[in-house]
Amino acid sequence: MASGESFYVTTPIFYVNDVPHIGHAYAEVAADVLARWHRQRGDDTWFLTGTDEHGQKIMRSAVANNMQPQEWADKLVEEAWRPMLKTLNLSNDDFIRTTEERHETRVQKFLTELNDAGFIYEDEFEALYCVGCEEFKPDSEIVDGEGQYEGQKVCAIHSKPMELLKERNYFFKLSALQQPLLDYYEAHPDFIQPTSARNEVVSFVQSGLHDLSISRTSFDWGIKVPWDESHIVYVWVDALLNYFTAIGYGDGDGQFERRWPGNHIVGKDILRFHAVIWPAMLLAMKIQPPKRVFATGWLLVGGEKMSKSKLTGIPPQEITDTFGSDAFRYYFMRAIHLGQDGSFSWEDLSARYHAELANGFGNLASRVISMVKKYFDGDIPQDVQEHVDDEKILEIARTAIRDSEEAIDRFAVDQAIAAIWKLVDALNLYITDQQPWVLAKDEANRDRLAAVLATAVRGLGVLAVLLNPITPIATEKLWGAIGGEGALGGITPTEALDWKSSGRVSDLASLFPRIEQE
Ligand code: ME8
């Protein structure tokens, strides 16, 4: 089933002004699940993540910590951001930092080309800027401050005062791209997802685009504008280009051509950068925009976006230390529909962990394996005569495969898991109905017992493959315990369905042990 099709998926690159919280981890896990899913099916997959290290926000946090910006970025990347990849068991193929030379030289190359194409000019500019967003804000996104900021204008997202910036800047002719963008959205209805995000972007662009200031002179923590070194590149233009620089834009070695266009998973607060500015820069250069920009919702705390600046962030390891990375991945992918906001609660996490992972899936696996041990001395029964009830289970497995594939194509990971869970529930019910422990009492039922357990093992094989992108550690263990050979990451669900283990079961420690509540 190896398609060899390219699947390039990216996360936002994260500001290194602080340490990660579960809101950042969420996008990482979503991208990782999609990458593992595609890799498993033989697609030519590339998963990129990284860090966004220039701009005023980083410079100021470095100053506040008495460090040079580069030193500060190095510290946070090594102590906080790279360790998060391990905490979440991510399978990223690359990690880009915007302070790397490979990034800087390619950003300069791209900007030179954009300038040569006639899309850049110089002008005077004055507007209100939010350093938290690293963005000039329209009036509609500025509100009156409260508390210590009473009487001041603040950013609606960060609740911090806006700053008046007046500079001579280079501008990108974004307004000239308004109609080409609208034409592109129309011709590619799946480009921006979900639909609510698409509608928002289309009406924003219809309401008129202004040219974009893409350089700064008031500070110097950034990449130099190649034709005028007294300016640095606006941090968002620098950051968006990471999706190109990491895959060798302009190198001519074929990697870029092989991977692009990519799929971007982004938070809804940074949708316009990805669905307006980024494709506009590409349309200007006659390069194909991304295949898909998918806007995720926010993890909320008390109804507000969990955030570093508001000190409401929960570090991912607080969860993984107790529940493990598999449960973290499962929970966030299952409990929240990608594209909608969600609230995290320890109670909900614990309830789903115990009901779905421990009792639903883990227990099913241990029951089946212990019965094969008990009744067949560990040998998985072979060449069994299937009965209509067994056929039904195999049919449910086929449906789970089909429905989950279809959901993943839409990035609806929660729906894919729900489709897979129909097989978990059906297998649990099947064991309860077939009552292998009753069949085992009468030698005359030996063949029937063999068929039931062989079918249950096949069902577990399909589950191991389908759930591998979501809970890779538990499913590798399960695959080994039912006599599966080879790395699970390279087996498709259909191959697992046709697979009849000729092996033996082996001991399987509880996949999801119960956790005593403190
Ligand atoms: O925006 N729930 O970086 P960033 C869900 N460097 N997602 C959340 C979240 C929450 N509570 N809090 C943050 C930047 N995020 C830029 C990106 S890409 C070329 C440059 C998400 O560190 C947020 O929506 O502020 C965004 O998608 C991502 O974390 C990075 O945020």
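Glycine is treated like the rest: Cβ placed from N, Cα and C.
Over in TrEMBL, the protein carries these features:
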{"type": "DOMAIN", "residues": "7-368", "note": "domain 'Methionyl/Leucyl tRNA synthetase'"}
{"type": "MOTIF", "residues": "14-24", "note": "motif ''HIGH' region'"}
{"type": "BINDING", "residues": "Cys130, Cys133, Cys155, His158", "note": "Zn(2+) binding site"}
{"type": "MOTIF", "residues": "305-309", "note": "motif ''KMSKS' region'"}
{"type": "DOMAIN", "residues": "390-485", "note": "domain 'Methionyl/Valyl/Leucyl/Isoleucyl-tRNA synthetase anticodon-binding'"}
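Within 8 Å of the centroid defined by the CB atoms of Cys130, Cys133, Cys155, His158, the record's Zn(2+) site, lie the Cβ atoms of Val131, Gly132, Glu135, Lys137, Glu141, Val154, Ala156, Ile157, Lys160, Met162, excluding the listed residues themselves. Other C-beta atoms found within 10 angstroms of the C-beta of Cys130 (Zn(2+) binding site) number 22, with every protein chain shown included. Ranked by how many other Cβ atoms sit within 10 Å of their Cβ, the binding-site residues Cys155, His158 place His158 at the bottom. For the motif ''HIGH' region' (14-24), the DSSP-based tally of helix, strand and coil residues reads 3 helix, 2 strand, 6 coil. Per-class residue totals from DSSP over the domain 'Methionyl/Valyl/Leucyl/Isoleucyl-tRNA synthetase anticodon-binding' (390-485), listed helix then strand then coil: 81 helix, 0 strand, 15 coil. The predicted model assigns the domain 'Methionyl/Leucyl tRNA synthetase' (7-368) a mean pLDDT of 95.
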